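Remarks on the structure that follows.
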Amino acid sequence: MQRGTAASPSGLWGTSPCPSPRFPTGAAVQLGGCGVLGVGIWLAATQGNFATLSSSFPSLSAANLLIVTGTFVMAIGFVGCIGALKENKCLLLTFFVMLLLVLLLEATIAVFFFAYTDRIDRYAQEDLKKGLHLYGTPGNVGLTNAWSIIQTDFRCCGVSNYTDWFEVYNATRVPDSCCLEFSDRCGLHAPGTWWKAPCYETVKAWLQENLLAVGVFGLCTALVQILGLTFAMTMYCQVVKADTYCA
């Protein structure tokens, strides 16, 4: 019997003599990035004037964050897809390392946030109070609109209380968005006509009420990333074994 006439793996599979299963995680990551990027672009187009409340980070708006995050996630997913389709060890390892770094960064931010919650609260309130002085000034339409929307929707006034605005105007007055019943120049009236709730604590309480939804989203995101890491390393090892077998 001739040993050379035996059916080879290439004859069975048609393309690669040592195939390895492809995984859809790279495509899933890329689709997720497309979704995040799309939401960011939509926010930038429809809510362009709604910017950050921070005076230290004027470009740190929700739209900009989503656009940057979506673009980065799409790039990672693209690397994973190409690496899986081409069974390229370098791309698969790059996808694994990039995804691992993202996961570690997210975990570090979460630990840092819970470990230094009090310090973050103090810094955030101080920064927001500095931002109040930019309210209504030229070139700060986004910050002005953001404060107006928050105070109107959450029925609050100022960062810690309505007296925060006294330092901004150097007078006993607040923006009209602080009024119980909105009217032109109603912020000049008596304090009894203004919202008393502090915006920082009100928004913080609202976020805590929706913490479950945020937690579920975070867990789902982490699960997708862990599955991506697992499949990427599994496929990388299979490609290495296939190259060794076919060598």
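Each position is counted from 1, following the chain as shown.
Including glycine, each Cβ sits where the backbone N, Cα and C put it.
Curation plays no part in TrEMBL annotations; they are all automatic predictions.
According to TrEMBL, the transmembrane segment annotation covers 27-45, 65-85, 91-116, 211-236. Residues annotated as disulfide bond in TrEMBL: C157-C178.
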Check: Near C157 (disulfide bond), how many other Cβ atoms are within 10 Å of its Cβ?
Finding: 28
Check: Tell me which residues of the chain lie with their Cβ under 8 angstroms from that of C178 (disulfide bond), as long as they are six or more apart in sequence?
Finding: Q151, C157, G158, Y162, W165, G187, W194, W195
